[in-house]
Amino acid sequence: MAQIFNFSSGPAMLPAEVLKQAQQELRDWNGLGTSVMEVSHRGKEFIQVAEEAEKDFRDLLHVPSNYKVLFCHGGGRGQFAAVPLNILGDKTTADYVDAGYWAASAIKEAKKYCTPNVFDAKVTVDGLRAVKPMREWQLSDNAAYMHYCPNETIDGIAIDETPDFGKDVVVAADFSSTILSRPIDVSRYGVIYAGAQKNIGPAGLTIVIVREDLLGKANIACPSILDYSILNDNGSMFNTPPTFAWYLSGLVFKWLKANGGVAEMDKINQQKAELLYGVIDNSDFYRNDVAKANRSRMNVPFQLADSALDKLFLEESFAAGLHALKGHRVVGGMRASIYNAMPLEGVKALTDFMVEFERRHG
């Protein structure tokens, strides 16, 4: 079978080594004669999986001891509700920075539970889409927290700055599409959450990192399954967790550690992004409309000079083993998602195809 490179934005490509191990263990895991999908989440075998996954995740991100790590249901959208329901406390407003589609989605959900103070950080610089630097973000004095999304998968926009708003500002961030792709200073945040289906594992699992002093503030109406304190008190097993997703994510964490950890992923991701953006920037046939300072290294949207060629580009790229390159309906064009599991070889195959396609159709 020819090599396939999956550029899907999520559910995304998983490391080949992880899929191979999961395949080998699928019907007989740990010598039990059953699949990991069939064992009790409260049995000692799966408890070991859960504990190792949390330890490895903490190691990868250097999570401080005063932070809890929760393995949850509900995806990023579930956390759009969980964040205000858990950390508003007795306040009624929170700061929300709007830099793209997912930030706006979080704002829409938050309006059910509080009055968001929305700061529109989107700007245009020399005709390109960009984001105002953090020093220009206008935060309110009475907000319970400030929320933003460091990487917008649809817009292809990234905010790589580290928050520095003072110790009294609780920062909540949606890291779904950039978690584990670069080092982050967890201590600068109150809450970090990430859906698993991009850089962690398969869909169905969400990881939350929450500073322990923020526990115990949940609104009385907060569903128990979203209550950080209840999840923490029950070892993320208040109800049956998505065990297979948890197991596979644990394998991904071990793969990351065996391949140099987050620091090495950071280097490789930079190489991949530079290669792809380099082809786009050195061409009149392709374009990307995001300012260089805010370009995402995870999600690279691009357009062809002649949109009439879009269909042919997608057909020929798919035939060449380059899958899931169609852009989101909101933006159009193409989008290459190049998360940790995408090897440099895959991006090289894409750029070679792009150069050849331009030669034939430019």
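Including glycine, each Cβ sits where the backbone N, Cα and C put it.
Quick look at what Swiss-Prot annotates:
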- SER9, ARG42: L-glutamate binding site (BINDING)
- GLY76, ARG77, TRP102, THR153, ASP174, GLN197, ASN239, THR240: pyridoxal 5'-phosphate binding site (BINDING)
- LYS198: N6-(pyridoxal phosphate)lysine (MOD_RES)
Cα-to-Cα gap, ARG77 (pyridoxal 5'-phosphate binding site) vs ARG42 (L-glutamate binding site), nearest whole Å: 27
Neighbouring C-beta atoms (10 Å sphere around the C-beta of GLY76 (pyridoxal 5'-phosphate binding site)): 23
Rounded to the nearest Å - Cα separation of ASN239 (pyridoxal 5'-phosphate binding site) and LYS198 (N6-(pyridoxal phosphate)lysine): 24
Site of maximum Cβ density within 10 Å, from binding-site residues ARG42, ARG77: ARG77
Protein Cβ atoms within 10 Å of ASP174 (pyridoxal 5'-phosphate binding site), excluding its own: 27
Annotated pyridoxal 5'-phosphate contacts GLY76, ARG77, TRP102, THR153, ASP174, GLN197, ASN239, THR240, maximal Cα-Cα distance (Å, integer): 30
10 Å Cα neighbourhood of the residue listed as 'N6-(pyridoxal phosphate)lysine': matching binding-site residues from SER9, ARG42, GLY76, ASP174, THR240: SER9
Fewest Cβ neighbours within 10 Å, where candidates are the binding-site residues THR153, GLN197, THR240: THR240
Inter-residue C-alpha distance, ARG42 (L-glutamate binding site) and THR240 (pyridoxal 5'-phosphate binding site) (nearest angstrom): 9
Length of the line joining the Cα atoms of ASP174 (pyridoxal 5'-phosphate binding site) and SER9 (L-glutamate binding site), in Å: 15
